[in-house]
């Protein structure tokens with residue numbers, strides 16, 4: 001079901017005191033009726049602590065990564081059943097940093113995507129082009145390849161999931177796509193999914209990630225196919241993050 005979402009990806013930041021203070025501050029500041037589902041995605045070791053700190057029901061917890069097997073000899077990895085034990089609702093798959101630094105290809109991302117869905121959680125499929133791909137006119141080609149990679153399991157594969165458009169050139173750089181640039185790609189993704197399943201395309205939640213902050217969020221979220229944001233650096237500041245959440249109202 002299409003809904004408004006603002007998710008904070010904390011990446012590899014914070015230790016236990018900082019994480020505890022951050023989630024408590026965010027929850028305290030969200031003392032208003034929020035139009036969006038708010039999620040925080042801490043480093044995996046702190047997921048239980050963050051979950052236990054939540055009191056109001058206005059914030060849910062998510063995970064930044066998952067391994068696509070239920071159990072086994074995969075040293076250092078976490079499975080979807082493990083994440084589900086700690087009430088994770090959302091799981092990122094295909095984030096550009098995983099693709100870049102850990103060489104995760106389309107097939108592996110697709111395995112993660114379906115592993116998360118098979119265990120009743122919501123995968124957040126991250127897609128996006130590099131600066132060179134954009135400059136060479138390959139944006140739509142790259143996005144289509146990344147989106148369609150998960151579609152092999154049938155026409156219902158985009159039901160109950162989120163797609164996050166995160167142009168790689170805008171992540172952590174301070175640069176951001178204009179609202180019009182982001183809208184164009186979000187509409188392209190919705191149309192692409194519509195070729196597989198029109199009903200699921202209409203109900204698909206599409207969010208934007210790429211240097212989202214309190215200054216650009218309102219304009220981005222006003223676009224017809226942008227349903228929220230995947231927030232990086234700004235989510236590490238409680239006040240800034242909540243200001244972004246307010247922009248969805």
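Every residue gets a Cβ built from N, Cα and C, even glycine.
Feature annotation from Swiss-Prot assigns substrate binding site to 9, 10, 11, 172, 211, 232, 233. In the three-state DSSP assignment, the secondary structure recorded for residue 10 (substrate binding site) is coil.
Sequence annotations record features per position, and here Swiss-Prot assigns active site, electrophile to 95 based on sequence analysis. Taking Cβ-Cβ distances under 8 Å and a sequence separation of 6 or more, the neighbours of residue 95 (active site, electrophile) in its chain are 9, 64, 65, 126, 166.
Residue 166 (active site, proton acceptor) counts 26 other C-beta atoms within 10 Å of its own C-beta, drawing on all protein chains shown. Sequence annotations record features per position, and here Swiss-Prot assigns active site, proton acceptor to 166 based on sequence analysis.
Each of the binding-site residues 172, 232, 233 was ranked by the number of other C-beta atoms within 10 Å, and first place falls to 232. Apart from 9, 10, 11, 172, 211, 232, 233, the residues listed for substrate, the same chain places the Cβ atoms of 171, 231, 234, 235, 236 within 8 Å of the centroid of those Cβ atoms. Classification of residue 233 (substrate binding site) by DSSP places it within a helix.
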